[in-house]
Amino acid sequence: MQEILIPLKEKSYKVFLGELPEIKLKQKALIISDSIVAGLHLPYLLERLNALEVRVCVIESGEKYKNFHSLERILNNAFEMQLNRHSLMIALGGGVISDMVGFASSIYFRGIDFINIPTTLLAQVDASVGGKTGINTPYGKNLIGSFHQPKAVYMDLAFLKTLEKREFQAGVAEIIKMAVCFDKNLVERLETKDLKDCLEEVIFQSVNIKAQVVVQDEKERNIRAGLNYGHTFGMLIENETNYERFLHGEAIAIGMRMANDLALSLGMLTLKEYERIENLLKKFDLIFNYQITDIQKFYERLFLDKKSENQTLKFILPKGVGAFEIASHIPKETILKVLEKWH
């Protein structure tokens, strides 16, 4: 089993990559999963979990259920089970479950521990590590949330065998995001290797990238913003399509292409670099059609992005391959010209 230590000032924890070990707990544990994952993987977890008392809360599967109602269900289960400050929650699922359980545990009794057991590629390489938690609102994605680090993260590649191809590819989008912004060697590996032959190494490399970024910038003051490449556009697209048309990684792939259009127009990417990223997305079937129906409305809604300050939009844009820049004060006309390409 491989381990990655994430040494933060207030709370350090480990990410374990390998077969799920026996988890022995001296306290009560509330497991939260979704309706699909629970049927596939809950028995596997229960075989390996030894706790004072265990209860399971199952939420409907899908991004549209990452809301106040589901959060309330989790908290009600915690109260009914009489969890205390020494108890913990366990997130068994993808990014939706990881985000919600992290948030629920951060506000229950002003904060209790939780363990992440991510079952999708996207959650393993991104959502389960770093402490970002939250729920969606009609106004946008993850607009209500907190920073709350897990007690531990357990990644078992066996979970990925049950993923549909579409779900798997959505996770690859997040790997590409990190590679383009932080590691050109990972870009080269994705370009030249068959991912099936090096999946564990790529996951380990991706988690290492995120771990190093989080250690440097836990609360996203500067370098961690690079992990939001594609998200300014992508998360708005998710909201505009009611979280039904695209998976998160698919929307982020569209968002990365929009960001690349903007970077190209600003001279931050050469045409060769632009085409290189485009071809990498094509290799993993991450090219999707999307049409903006109302350009002005879409532009105005960009200001709900959490990175915006003083009515100034900020975009994470690739600066070549393997680096990024936080770009602001971009002329409105330049942004609108990019949006027109998608109209």
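Glycine too: its Cβ is placed from the backbone N, Cα and C atoms.
Swiss-Prot annotations:
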| type | residues | note |
| --- | --- | --- |
| BINDING | 61-66, 95-99, 119-120, Lys132, Lys141, 159-162 | NAD(+) binding site |
| BINDING | Glu174, His231, His248 | Zn(2+) binding site |
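In sequence order, Gly95, Leu122, Asp126, Ala173, Lys177, Gly230, Gly234, Met235, Gly249, Ala251, Ile252, Gly255 are the same-chain residues whose CB sits within 8 A of the CB centroid of Glu174, His231, His248, the residues recorded for Zn(2+) being left out. Around Gly95 (NAD(+) binding site), a 10 Å sphere centred on its CB holds 24 further CB atoms from the protein chains shown. The two recorded residues, Phe159 (NAD(+) binding site) and Glu174 (Zn(2+) binding site), show a Cα separation of 18 Å. Considering only the binding-site residues Lys64, Gly95, Ser98, the residue whose Cα is spatially closest to the Cα of His231 (Zn(2+) binding site) is Gly95. His248 (Zn(2+) binding site): 26 other CB atoms within 10 A of its CB, across all protein chains. When each of the binding-site residues Ser61, Ser98, Thr120, Thr162 is scored by how many other Cβ atoms sit within 10 Å of its Cβ, Thr162 comes out lowest. Separation of the C-alpha atoms of Thr120 (NAD(+) binding site) and Glu174 (Zn(2+) binding site): 12 Å, rounded to the nearest whole number.
Once Cβ contacts within 10 Å are tallied over all protein chains shown, the binding-site residues Lys64, His231 are led by His231. Less than 8 angstroms from the CB of Glu174 (Zn(2+) binding site) sit Leu121, Leu122, Val125, Asp126, Ser206, Gly249, Ile252, each of them six or more residues away in the same chain. Under DSSP, Phe159 (NAD(+) binding site) is assigned to a helix (H, G or I) in the three-state scheme. Counting every protein chain shown, the number of other Cβ atoms lying within 10 Å of the Cβ of Phe159 (NAD(+) binding site) is 24.
Cα-Cα distance from Lys64 (NAD(+) binding site) to His248 (Zn(2+) binding site): 11 Å (rounded to the nearest whole number). Taking Ser61, Gly95, Ser98, Thr162 as the binding-site residues under consideration, the smallest Cα distance to His248 (Zn(2+) binding site) is found for Gly95.
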